[in-house]
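Data block below; observations after.
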Amino acid sequence: MADPGKMEEGLAHAEVAPDQERKDKRDGKVEKEEGVAADRIGNDKEERAATAQVEQQNLEEQPLVKQKTKRVATLDAFRGLTVALMILVDDAGGAYPRIDHSPWNGCTLADFVMPFFLFIVGVAIALALKKIPKIKDAIKKISLRTLKLLFWGVLLQGGYSHAPGDLVYGVDMKQIRWCGILQRIALVYFIVAMIETLTRKHRPTVLEPGRLSIFTAYRWQWIGGSVAFVVYMITTYSLYVPDWSFEVDNGDEATRYTVKCGMRGHLGPACNAVGYVDREVWGINHLYSSPVWQRLKACTLSSPGSGPFRENAPSWCRAPFEPEGLLSSILAILSGTIGIHCGHVLIHFKGHSERLKQWVSMALGLIIVAIILHFTDAIPINKQLYSFSYVCFTAGAAGIVFSAFYVLIDVWGFRTPFLFLEWIGMNAMLVYVLGAQGILAAFVNGWYYESSNNTLVYWIQKHVFINVWHSERLGTLLYVIFAEIAFYGVLSGILHKLGIYWKL
């Protein structure tokens, strides 16, 4: 007879055994599935490795294609506006002297062109150099572009080109003009871009909280601008300017004039330190021979327009003066510094309201400072001297215009009405050379009939605009707007569609 205890023990074992068997089967199945999954993962890794190897081989076999970068429409439109403004004031300023450069103190429409360019250069530097990771490559690009700007500047404004009026070329090296618009841009670009590149390791990638963090992060840019300001102010107000003389060639003989100075801190046309530095550094024969101060009331009865000199006009009225000279270009660095600050704001602040708050507040502050300095006669607004009040006023105006374009184009989306300005801004160098420097007009004038004054350009200006409107002033203005600015807008649009750009 079987022992009841053993029977119960056997039943218990019999009941446990099937459960254990099922558990073992489940474990085996899981292990099998895990093995299959592991095999799949291993196969996927091998496939991805093989694919990557094939892609790498393809990249090595194919030429490297540079990816297109997204352009800032607001900046292009602002650049296009500045180029169009330059063409307007250069070619219509004779008919409307009020929009031409101020003869001395004050600020007219033409006086905004240069600082607007420098502001735009500063913004562009901030956006462009962040895409170049290696400092060595950035320095190479900066140096090469600076040399190109200097070359084109001397070629176009040094006296070699006589476009569009005279169908000749060539310059006497004893009278070549070394300074000019592109040369000033080259200097400002080189200094501001070099500071931006060489101080890259000394600034944080992320801004710290605080209103002044954008200034402290880029303190070296502001230090550079401050150094330029100090050098300019000390030199302008402390440098002794002695008497100086010059000669005017009357054809058969030369007449020598002497200007009495012997003073410091003078801000008038005759005895300022800005002109003295240029006469000493470049030589008086290498300065701009037709300065705008010739349109002052002291020089001509036709003021503010151009005209013959008064009989009792001061001797300095006939003297040369360099509006893009060395000392004035040093303070122009500050215009580029303010521009690159606005570029930094564009990079670090992502919200529209934050960006506009930064731009507009600084712009209004600069304009207020300029107005106070000018109307208290502390530092008059003066483009020829590139005075500190002029820097503040024009940089503030640039900030307002840039902010307005940003609201219209980027915030409200009104891009279409400003497309022609964008197109001009994308090919600004081409339009500057062909239009502002008159190279295309000179080329067309080269194909004349019987007389060099009988060309297609002169015929259109006279018969399509001046004679139709029975006004030389209005006809000239409409010719500049429609036959020049609108024409270059259309030309730039066609080149944009074809993907053709002229970049330095």
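Just so it is clear, glycine is given a Cβ too, placed from its N, Cα and C backbone atoms.
Heads up, TrEMBL stuff is auto-annotated, nobody curated it.
The compositional bias 'Basic and acidic residues' annotation in TrEMBL covers 1-12 (among others).
Taken from TrEMBL, the feature region 'Disordered' covers 1-49.
Feature annotation from TrEMBL assigns compositional bias 'Basic and acidic residues' to 19-49 (among others).
Looking only at the domain 'Heparan-alpha-glucosaminide N-acetyltransferase catalytic' (71-198), the predicted model's pLDDT averages out at 94. Per TrEMBL, the feature domain 'Heparan-alpha-glucosaminide N-acetyltransferase catalytic' maps to 71-198.
Among the features that TrEMBL reports, transmembrane segment is placed at 72-89 (among others).
Here TrEMBL flags 109-129 (among others) as transmembrane segment. With a threshold of 8 Å between CB atoms, the same-chain residues lying at least 6 positions outside the transmembrane segment (109-129) that come near it are 72, 75, 78-79, 82, 85-86, 88-90, 93, 99-102, 138, 181, 184-185, 188-189, 192-193, 196-197, 324, 332, 335-344, 346-347, 383, 390-391, 394-395, 397-399, 401-402.
Positions annotated as transmembrane segment by TrEMBL: 149-169 (among others). Proximity of distant same-chain residues to the transmembrane segment (149-169), defined by a Cβ-Cβ separation under 8 Å and at least 6 residues beyond the stretch ends, is recorded for 175-178, 180-183, 185-186, 189, 433, 437-439, 441-442, 445-446, 452, 457, 504.
Panel annotation: around the transmembrane segment (181-199), residues 114, 117-118, 121-122, 125-126, 129, 135, 138-139, 142-143, 145-146, 149-150, 152-154, 156-157, 218, 220-221, 224, 228, 324, 329, 332-333, 335-337, 339-340 of the same chain, lying at least six beyond its termini, place a Cβ under 8 Å from a Cβ of the stretch. The feature transmembrane segment is assigned by TrEMBL to 181-199 (among others).
Annotated transmembrane segment per TrEMBL: 220-240 (among others), in sequence order. Same-chain residues lying 6 or more positions outside the transmembrane segment (220-240) and placing a CB less than 8 Å from one of its CB atoms are 191-192, 195-196, 199, 202-203, 262-265, 267, 272-274, 276-277, 327-328, 330-331, 333-334, 337-338, 340-341, 385, 388.
Per TrEMBL, transmembrane segment is recorded for 326-347 (among others). Same-chain residues lying 6 or more positions outside the transmembrane segment (326-347) and placing a CB less than 8 Å from one of its CB atoms are 72, 114-115, 118-127, 130, 179, 183-184, 187-189, 191-192, 196, 214-215, 217-218, 221-222, 224-225, 228-229, 231-232, 235-236, 273-274, 277-278, 281-282, 355, 358-359, 362, 366, 384-388, 391, 394-395, 398-399, 402.
The transmembrane segment annotation in TrEMBL covers 359-376 (among others).
Sequence-distant contacts of the transmembrane segment (388-409) (same chain, six or more residues past either end, CB-CB distance under 8 Å): 73-75, 77-78, 81, 107, 111-112, 115-116, 119-120, 123, 229, 232-233, 331-332, 334-335, 338-339, 342, 352, 355-356, 359-360, 362-367, 369-371, 373-374, 378-382, 415, 418. For 388-409 (among others), the entry in TrEMBL reads transmembrane segment.
Feature annotation from TrEMBL assigns transmembrane segment to 430-449 (among others).
Sequence-distant contacts of the transmembrane segment (477-495) (same chain, six or more residues past either end, CB-CB distance under 8 Å): 80, 84, 87-88, 91-92, 95-96, 419-421, 423-424, 426-427, 430-431, 434-435, 460-461, 464-466, 469, 501. As annotated by TrEMBL, transmembrane segment applies to 477-495 (among others).
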Same-chain residue ranges lying at least 6 outside the transmembrane segment (72-89) that approach it to Cβ under 8 Å: 99-101, 109-110, 112-113, 116-117, 120, 123-124, 127, 346, 401-402, 405-406, 409-410, 415, 418, 420-426, 428, 431-432, 435-436, 480-481, 484-485, 488-489, 492
